[in-house]
Amino acid sequence: MSAVSRIATLTRQSMLSALSDNNRLRLFSGSSNPSLSQEVARYLGMDIGPMLRKRFADGELYIQIQESIRGGDVYLIQPCCHPVNDNLMELLIMIDACRRASARQITAVLPYYGYARADRKTAGRESISAKLVANLITGAGAQRVLAMDLHSAQIQGYFDIPCDHMYGSPVIIDYLKSKQLTDLVVVSPDVGGVARARAFAKKLNDAPLAIIDKRRQSHNVAEVLNLIGDVDGKTAVLVDDMIDTAGTLSEGSRLLRAQGARQVYACATHAVFSEPAINRLSGGLFEEVIVTNTIPVPDDHHFPQLTILSVANLIGEAIWRIHEESSVSSMFR
């Protein structure tokens with residue numbers, strides 16, 4: 001049985017057809033990941049709503065919703081990935097346009113939440129940008145947020161509106177199970193990711209857990225110090241929420257191999273892939289790098305070990321459940 005329970009397709013499509021006629025449930029896509037939005041729309045059996053998007057000569061963005069959404073339940077899909085500032089501003093303008101068009105309910109769907117790592121002060125006179133982004137989204141007029149794999153769970157509490165939290169792990173776990181790997185050990189790349197790795201291991205038939213003790217010297221620079229757990233002769237699965245420069249994972253893979261790991265897989269929901277991630281990931285340290293399509297991966301960032309899985313059905317199911325006032329959290333139990 002799939003990780004996502006699904007309402008019968010024909011029933012759903014017939015219901016959505018009637019709903020769409022009344023402009024009740026409407027789906028719109030920003031420009032950051034249109035292919036994901038189209039997949040979500042196909043799952044729901046509906047079309048992406050028409051929207052005019054253009055830039056003025058000075059770089060300012062113009063958005064116009066090109067159909068009536070008065071009284072509608074509107075969902076705006078826009079991961080705030082690179083270029084994060086442009087994509088965030090586009091989302092805010094989309095929300096504002098829908099609010100001024102008298103949408104009954106506006107849900108910001110954020111497959112990737114930009115600025116999530118700035119979730120607390122680690123030094124004096126710093127901004128907590130993750131909270132600022134939450135304030136901006138709320139202030140623009142969103143009444144609900146649907147986010148996937150937030151860097152830290154407490155970001156949900158930064159919102160004064162409902163925030164539904166999804167996880168990309170079900171599609172990754174289903175894929176790993178299909179490979180029938182043996183002698184698995186799930187590895188957290190740092191102490192902060194232990195809860196995520198433990199939940200991941202539980203879904204993989206209670207696989208054993210190992211932890212890499214890491215101390216970060218500066219932003220995007222990590223030093224691996226020690227391994228807690230046994231990986232000798234085993235297939236190690238490194239689990240994280242995102243891959244940025246891949247420094248943590250590549251150093252982790254070296255440590256795991258030095259400790260006797262037979263194979264090393266890297267799994268993450270968000271493929272940020274900042275330089276020099278591609279060189280690190282494609283250099284032979286990993287049997288496979290498994291990510292999802294919350295962030296679009298350009299063709300020139302593909303490499304032989306890369307596998308990209310779709311989370312569109314998860315997002316589509318969550319949207320449907322919110323619209324029907326059903327449980328979202330039960331999808332991930």
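Going from the start of the chain as shown, residues are counted 1 onward.
Here the Cβ of each residue, glycine as well, is placed from N, Cα and C on the backbone.
What Swiss-Prot lists as ATP binding site is ASP58, GLY59, GLU60, and the listing cites sequence analysis. Long-range Cβ contacts of GLU60 (ATP binding site) within its own chain (separation 6+, distance under 8 Å) are none.
Residue density at HIS151 (Mg(2+) 1 binding site): 20 other Cβ atoms are found within 10 A of its Cβ, drawing on all protein chains shown. Residues or ranges marked as Mg(2+) 1 binding site in Swiss-Prot: HIS151.
DSSP gives ASP190 (Mg(2+) 2 binding site) a coil state; it is part of no helix or strand. A 10 Å cutoff on Cβ-Cβ distances gives ASP190 (Mg(2+) 2 binding site) a total of 18 other Cβ atoms nearby, all chains included. The feature Mg(2+) 2 binding site is assigned by Swiss-Prot to ASP190.
According to Swiss-Prot, the active site annotation covers LYS214, on the basis of sequence analysis.
Under 8 Å, Cβ to Cβ, and six or more positions away along its own chain, ASP240 (D-ribose 5-phosphate binding site) finds PRO189, GLY193, ARG196, THR248, LEU249, ALA266, CYS267, ALA268. Look at ASP240 (D-ribose 5-phosphate binding site): DSSP puts it in a strand. Summarising the annotation, Swiss-Prot assigns D-ribose 5-phosphate binding site to ARG216, ASP240, ASP244, THR245, ALA246, GLY247, THR248.
ASP190 (Mg(2+) 2 binding site) and LYS214 (active site) are 6 Å apart (CA-CA, integer value). DSSP assigns HIS151 (Mg(2+) 1 binding site) to coil in the three-state reduction, outside any helix or strand.
The binding-site residues in question are GLY59, GLY247, and the one with the fewest Cβ neighbours inside 10 Å is GLY59. The two recorded residues, ASP190 (Mg(2+) 2 binding site) and HIS151 (Mg(2+) 1 binding site), show a Cα separation of 13 Å.
Of all the binding-site residues in the list ASP58, GLY59, HIS151, the shortest Cα-Cα distance to THR245 (D-ribose 5-phosphate binding site) is found for HIS151.
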